[in-house]
Amino acid sequence: ADPSEHRFFTVTDYVIFGLLLAASAGIGLYHAVSGGRQRTTQEFLMADRSMRCLPVSLSLIASFQSAVAIIGVPAEVYAHGTQYWFIGCAYVLGLLIPAHVFIPLLYRLHLSSAYQYLELRFSRAVRVCGTLTFIFQMVVYMGVCVYTPAFALNAGTCGGAVLATGLVCTLYTTMGGLKAVIWTDVFQTGVMFAGQLAVIVVGVQKTGGPAEVWRKVWEGNRISGLDLNPDPTQRHTFWTLGVGGVFLMLSLYGVNQAQVQRYLSSRTEKEAIRSCYMVFPALQLALALSCIMGLVMFARYCDEDMVIYFVMDTLQDLPGLPGLFVACLFSAALSSISSAFNSLATVTMEDLIKPRFPAMSEETATLLSKALALSYGLLCLLMAYLTHLMGDSVLQVALKTFGMMGGPVLGLFCLGMFFPWANSTGAGAGLAAGLAVAFWVGIGSIVTRSGAGRALPVSCSAAPPSHNTSAVGGAVLRWAWSDWLCSGCVLVSVTCVGSRTQSGLQRFYSLSYMWYSGFSCLSVVLVGLAVSFLTAHAVLDPQLPAPPGSPLKGANGLPALQDAAPEETGRFLPEADSPFVEYETGV
């Protein structure tokens with residue numbers, strides 16, 4: 001394929017893309033005029049807590065299966081091989097722990113915002129800090145989500161659709177509330193899978209069949225083995241993906257308001273837990289489709305790494321299919337952005353506005369919630385411009401964002417749930433330390449371009465894996481199926497060995513972005529515990545439940561969730577005159 005050759009949409013492509021936007025807007029309008037007509041904050045922000053597990057599970061997938069994944073993962077596999085696929089191992093604990101620890105605790109508290117827990121456990125100041133961290137995280141992420149399809153549309157010569165997409169998303173989110181967001185997510189998830197499957201099937205057929213695809217990706221060294229290198233500065237290994245990825249998943253599916261809000265919109269606690277279980281196979285399918293798409297793209301032609309160009313070149317003779325894929329791409333963007341709008345409106349209203357204006361009428365609160373969703377929708381269009389300044393792949397930018405800000409929030413929740421002597425002073429100090437360290441390493445890696453990783457040689461005719469070395473851009477690429485490195489680790493894949501003369505600070509900046517969540521979470525816990533120990537005691541509400549397995553039970557008499565009746569889902573909020581239990585640190 002000639003990269004300079006332009007590919008254009010046909011009328012059919014435009015019609016398919018237009019139908020996506022019209023259907024999404026139609027779902028929002030339907031929920032705006034049906035049911036309670038979004039007249040209360042309970043309906044607008046929480047879908048009246050009436051959703052079943054299937055739509056909730058599909059919405060959970062769509063919320064973070066954005067255009068970043070559909071564009072970024074194939075590009076990652078094209079450039080670096082299939083090592084990233086091992087992040088699927090992190091999905092096991094990354095979903096089991098939220099299902100059995102975070103969901104039962106947060107659901108039984110009958111909250112609207114996940115960060116209300118931080119006030120019940122610590123103080124209002126800690127709650128506000130957690131909320132502001134989440135707002136900053138999601139505003140930055142929205143910019144990445146908008147930038148990614150905008151870049152693709154420039155390549156696909158579909159100018160002007162970005163603005164239309166942003167406006168449609170803002171429209172149905174503002175008018176239809178969370179229920180519209182969830183049901184459009186269901187529709188858009190189907191479009192996402194259909195678009196990816198179409199590209200893979202046609203791409204394999206045009207490349208010469210599955211056998212030819214396999215031959216090219218194998219000879220091009222794109223099939224990665226199990227890399228057990230424990231070096232945390234290695235960009236992708238089994239440990240960075242399989243272990244570091246668990247912390248990333250917990251920050252997304254355990255404490256992120258966009259996901260917690262969907263759990264809390266479920267009819268019952270069992271439906272919420274079941275929806276978390278149903279996410280696992282769908283996430284594995286989405287990951288597999290994205291990775292296979294990257295391999296097919298490599299097999300199709302090995303000298304061009306633009307996913308959208310691959311789509312336009314592969315599907316050019318099939319009217320409508322390029323439009324289907326761009327619809328797939330923007331379905332992913334719409335679902336992520338609308339989830340962000342709704343969750344941001346929720347935390348702003350519940351955590352920042354309502355506590356300041358407790359006498360606000362329900363009608364005024366609902367109108368203000370809609371205005372907040374509209375405002376965040378316009379803000380995300382402005383944030384897209386800043387994304388390209390970071391210089392990394394869109395996938396890496398997105399995961400860095402979640403690690404730098406999601407990790408400290410995860411640490412805050414862990415501190416409150418599992419350490420009875422942690423107090424509000426320690427929580428505040430821990431969050432500040434976690435954010436400081438995360439931004440230090442994150443910004444340092446962006447400025448110094450550390451930890452970006454070197455792409456594998458782009459060639460379909462490379463020699464098959466063997467015990468050999470070759471110089472590529474000053475780095476040594478070793479095919480080591482049984483080579484012992486200085487760390488004493490056996491690598492079962494290609495390992496990029498750079499200079500060993502890095503300073504300590506440079507190695508710190510080279511920390512794999514997949515460790516950001518775990519590193520910042522651990523920083524929050526350690527600093528929080530140390531400060532809490534020095535400040536003598538914690539004050540805990542005896543009515544606040546503890547998660548299963550938490551040492552809080554017994555330390556202060558809190559009821560563990562496994563002791564509650566299965567049907568018990570009422571409030572555990574403290575009474576105004578409830579007593580508090582004080583005890584010395586370490587007792």
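Each Cβ is built from the backbone N, Cα and C atoms, and glycine gets one as well.
Under the heading transmembrane segment, TrEMBL lists 14-33 (among others). With a cut-off of 8 Å between Cβ atoms, the residues of this chain six or more beyond the transmembrane segment (14-33) that come close are 158, 161, 164-165, 168-169, 171-173, 175-177, 179-180, 183-184, 187-188, 191, 320, 323-324, 326-327, 330-331, 334.
Sequence annotations record features per position, and here TrEMBL assigns transmembrane segment to 53-72 (among others).
Here TrEMBL flags 84-105 (among others) as transmembrane segment.
As annotated by TrEMBL, transmembrane segment applies to 125-144 (among others).
The transmembrane segment annotation in TrEMBL covers 150-173 (among others).
Only residues 6 or more beyond the boundaries of the transmembrane segment (180-204), in the same chain, are considered here, and those with a CB under 8 A from a CB of the stretch are 20, 23-24, 27-28, 30-32, 47, 51, 54-56, 58-59, 61-63, 65, 70, 172-173, 210, 213, 262, 265, 282, 285-286, 289-290, 292-293, 296-297, 299-300, 310-311, 314-315, 318, 321, 324-329, 331-332, 334-335, 338-339, 341-342. According to TrEMBL, the transmembrane segment annotation covers 180-204 (among others).
If you look at the transmembrane segment (236-255), the same-chain residues 6 or more away from its ends with a CB under 8 A from one of its CBs are 60, 64, 80, 83-84, 86-87, 89-91, 93-95, 97-98, 101-102, 114, 226-230, 276, 279, 399, 402-403, 406-407, 409-410, 413, 453, 512, 514-518, 521. Here TrEMBL flags 236-255 (among others) as transmembrane segment.
Residues annotated as transmembrane segment in TrEMBL: 276-301 (among others).
The feature transmembrane segment is assigned by TrEMBL to 321-347 (among others).
Residues or ranges marked as transmembrane segment by TrEMBL: 367-386 (among others).
Marked as transmembrane segment by TrEMBL: 426-447 (among others).
Annotated transmembrane segment per TrEMBL: 513-534 (among others), in sequence order.
The stretches the transmembrane segment (125-144) and the transmembrane segment (513-534) are not in mutual contact, being linked by fewer than three Cβ pairs under 8 Å (pairs 6 or more apart in sequence). Recorded stretches compared: 53-72, 84-105, 276-301, 426-447; the one with the most Cβ pairs under 8 Å to the transmembrane segment (321-347) is 53-72.
The recorded stretches the transmembrane segment (426-447) and the transmembrane segment (276-301) do not share 3+ CB pairs below 8 A when only pairs 6 or more apart in sequence are counted, and are therefore not in contact. Residues 1, 53-54, 57-58, 60-61, 65, 69-70, 73-78, 82, 84-85, 87-88, 91-92, 95, 98-99, 103, 189, 192-193, 196-197, 199-200, 203-204, 206-207, 212-213, 216-217, 220, 222, 253, 263, 307, 310, 313-314, 460 of the same chain, all 6+ positions outside the transmembrane segment (276-301), place their C-beta atoms under 8 angstroms from a C-beta of that stretch.
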